[in-house]
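What Swiss-Prot annotates here:
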BINDING   Pro10, Tyr12, Glu14, Val42, Asp44, Asp95, Ala96, Asp97, Gln99, Arg122, Lys183, Arg212, Lys218  GDP-alpha-D-mannose binding site
BINDING   Asp97, Gln99  Mn(2+) binding site
BINDING   Asp97, Gln99  Mg(2+) binding site
MOD_RES   Ser2  N-acetylserine
MOD_RES   Ser141  phosphoserine
TOPO_DOM  2-238  topological domain 'Cytoplasmic'
TOPO_DOM  260-267  topological domain 'Lumenal'
TRANSMEM  239-259  transmembrane segment
Amino acid sequence: MSIEYSVIVPAYHEKLNIKPLTTRLFAGMSPEMAKKTELIFVDDNSQDGSVEEVDALAHQGYNVRIIVRTNERGLSSAVLKGFYEAKGQYLVCMDADLQHPPETVPKLFESLHDHAFTLGTRYAPGVGIDKDWPMYRRVISSTARMMARPLTIASDPMSGFFGLQKKYLENCNPRDINSQGFKIALELLAKLPLPRDPRVAIGEVPFTFGVRTEGESKLSGKVIIQYLQQLKELYVFKFGANNLILFITFWSILFFYVCYQLYHLVF
């Protein structure tokens, strides 16, 4: 049976999460969907036993494989590597740390039957970020989301849990996509030739963002700087270099707003 669905998981030192992610993903699918699905880990040469872990799961009958990169690093380029090598026409990206529930993946694929691009959103009624998420992470996430608002109508453009129909990626010049940015979903939302009709362009699937169970968070000051640089490039791409002043003004207003909110949180 031909592959119709591909799940891409960028990974670095995530050996302990590979087995639970794989088993939960396929257990959450109907038998029919599972037969048409492949799982691809894109690993940046972790050398932590991830390759052996994936091979063991493949020998157990799971349709899973691993791509090991030795000359490249970075989340966005890893996602793109997996997308371009995927066999399916419906693609989903998710984190390896189980903060994106594998059981929700079938809902993203179902949404992709009706939409060009689908996002898992943490900002729908009744769901959201786990209550144990630190306040500073919530503030950073909300601020980043607000700064991306002029670029897309999506409620959660910062989500790393998303999917797309591969044909839209194939219709975009790879040179136009910044593979060094941190938020690849936002990059693709801004640059792919998605339908003009928002009803078919973007779908959203609510999910609750969980707490990492194994490994360490990749969030750092360097990542935040990369995101700000990516935002600048996307603003220029969408609005033109002459309107860069709008980006700077928006940044400044948002900066003072966040400082105000943090002041009241602390004092």
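Each Cβ is built from the backbone N, Cα and C atoms, and glycine gets one as well.
A map of Swiss-Prot features onto the structure.
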residue : record                           : Cβ within 10 Å
Ser2    : N-acetylserine                   : 8
Pro10   : GDP-alpha-D-mannose binding site : 28
Glu14   : GDP-alpha-D-mannose binding site : 23
Asp44   : GDP-alpha-D-mannose binding site : 21
Ala96   : GDP-alpha-D-mannose binding site : 24
Asp97   : Mn(2+) binding site              : 21
Gln99   : GDP-alpha-D-mannose binding site : 21
Ser141  : phosphoserine                    : 19
Lys183  : GDP-alpha-D-mannose binding site : 22
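Straight-line distance linking the Cα atoms of Ala96 (GDP-alpha-D-mannose binding site) and Ser2 (N-acetylserine), rounded to a whole number, equals 25 Å. For Glu14 (GDP-alpha-D-mannose binding site), the nearest of the recorded positions by C-alpha distance turns out to be Asp97; the candidates were Ser2, Asp97, Ser141.
In the three-state DSSP classification, Pro10 (GDP-alpha-D-mannose binding site) falls within a strand. Regional average pLDDT for the topological domain 'Cytoplasmic' (2-238) in the model is 89. Note: the CA-CA distance between Asp97 (Mn(2+) binding site) and Ser2 (N-acetylserine) rounds to 28 Å. Asp44 (GDP-alpha-D-mannose binding site) and the residue listed as 'phosphoserine' have their C-alpha atoms 25 Å apart, to the nearest angstrom. When the Cα of the residue listed as 'N-acetylserine' is compared against those of the binding-site residues Pro10, Gln99, Lys183, the shortest separation belongs to Pro10.
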